[in-house]
Amino acid sequence: MAGPFSRLLSARPGLRLLALAGAGSLAAGFLLRPEPIRAASERRRQYPPSAEYPDLRKHNNCMASHLTPAVYARLCDKTTPTGWTLDQCIQTGVDNPGHPFIKTVGMVAGDEETYEVFAELFDPVIQERHNGYDPRTMKHTTDLDASKIRSGFFDERYVLSSRVRTGRSIRGLSLPPACTRAERREVERVVVDALSGLKGDLAGRYYRLSEMTEAEQQQLIDDHFLFDKPVSPLLTAAGMARDWPDARGIWHNNEKSFLIWVNEEDHTRVISMEKGGNMKKVFERFCRGLKEVERLIQERGWEFMWNERLGYILTCPSNLGTGLRAGVHIKLPLLSKDSRFPKILENLRLQKRGTGGVDTAATGSIFDISNLDRLGKSEVELVQLVIDGVNYLIDCERRLERGQDIRIPPPLPNKH
């Protein structure tokens, strides 16, 4: 399997030039890796795989459900072309047995090849996390035609804000858990250079975390524009907080309605958001902006990681496919206290998070509600699922306000 530089140098002429131009800064990161990897491999050979197998008896994440001693034994000595190992994939899941709100995946990828080299473990995890999607036999579809969306205007007495986000990874550079400092800085350079070409209502500027004051950072976090500081154990155990805040930042347009995070959990997170309940408008801007970002990236000789089985490749298997999370902040004081609320969400394929995101609790009965699936359905299908599902939640809240009963909807048909 080709390594990052061989893939780069076999690509288009413009990509070869960029790869060669960046070789001086990147070579150290690639060439200095093998020695510690070989040393670790030599130490490992002193012990059988059974002696290295992690204790997962109290774990309930997806990785722990599928990693058997036999699978571990077959995969533990394999590495990707950049030296990423199985133990590095699973460390975050070993260190974090479970989560109070959602069942986490418990593993990450270090590069694009991770999903192939360790497919024996990743494929069943992907199948569990993505509602039965089988990456060995199925193909993912992409659809960024926002004109297909029906309705998409929520009652703003309940929906406070609407947001659509995705992630994209730059092909040929390691993902955040594995990247060197040089690679991370190269991601920032490539992305920021491309974003400088955005025009019209998408035009904006880039802000490096290292150049912000603590107060400026916190204000952006409190306003839900910026990713939080890397305090989540899921991030730190995966190695994604290394060298913080080097080469991290946020780009946003002048209205702060179109944003790109750089080098947090993924190379990029592309976000369209605004206050209120106009999800259709948010998705239209998302599709238009994302297409333009990809065009600008390709114009400079780079491309996003993608394949027809897994869609867009990202760090966490939960974000494969579309990488899309369409969500609202919604106030549900009565429904949230109803014992049927979790089952309603489950049957609608929706996910509940706290007001501030994945590691927070709800305040004032305000929840972050979004699609559970990412892979096997297109962007249009997932946004429509959220629109229909959120409208159902609002209808339930209204019925409870009137003292009427609500019902659990039948499970959505599983169509991949």
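Using the three backbone atoms N, Cα and C, a Cβ is placed for every residue, glycine included.
Pulled from Swiss-Prot, these are the features on record:
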type: TRANSIT; residues: 1-39; note: transit peptide
type: REGION; residues: 40-63; note: region 'Cardiolipin-binding'
type: DOMAIN; residues: 44-131; note: domain 'Phosphagen kinase N-terminal'
type: MOD_RES; residues: Ser151; note: phosphoserine
type: DOMAIN; residues: 158-400; note: domain 'Phosphagen kinase C-terminal'
type: BINDING; residues: 161-165, His224, Arg269, Arg325, 353-358, Asp368; note: ATP binding site
type: MOD_RES; residues: Ser196; note: phosphoserine
type: MOD_RES; residues: Thr213; note: phosphothreonine
type: MOD_RES; residues: Ser232; note: phosphoserine
type: MOD_RES; residues: Thr355; note: phosphothreonine
type: MOD_RES; residues: Ser365; note: phosphoserine
Original post:
Given Arg165 (ATP binding site) and Ser365 (phosphoserine), what distance in Å do their CA atoms have, once rounded to a whole number?
Top reply: 23
**OP:** Out of the modified residues Ser151, Ser196, Ser365, give me the one sitting nearest to Arg163 (ATP binding site) by CA distance.
**Re:** Ser151
Subject >> Cβ neighbours of Ser161 (ATP binding site) where a neighbour is any other Cβ within 10 Å >> reply: 18
Original post:
For Ser151 (phosphoserine) and Ser161 (ATP binding site), what Cα-Cα distance in Å is obtained after rounding to a whole number?
Top reply: 16
Original post:
Relative to the Cα of Arg269 (ATP binding site), which of the modified residues Ser196, Thr213, Ser365 has the closest Cα?
Top reply: Ser196
Original post:
Using Cα coordinates, what distance in whole Å links Ser161 (ATP binding site) and Ser365 (phosphoserine)?
Top reply: 14
**OP:** Do me a favour and check the Cα-Cα span between Asp368 (ATP binding site) and Ser232 (phosphoserine); whole Å is fine.
**Re:** 18
Original post:
Could you state the CA-to-CA distance between Ser365 (phosphoserine) and Arg353 (ATP binding site) to the nearest Å?
Top reply: 11
**OP:** Could you pull the average pLDDT for the domain 'Phosphagen kinase N-terminal' (44-131)?
**Re:** 94
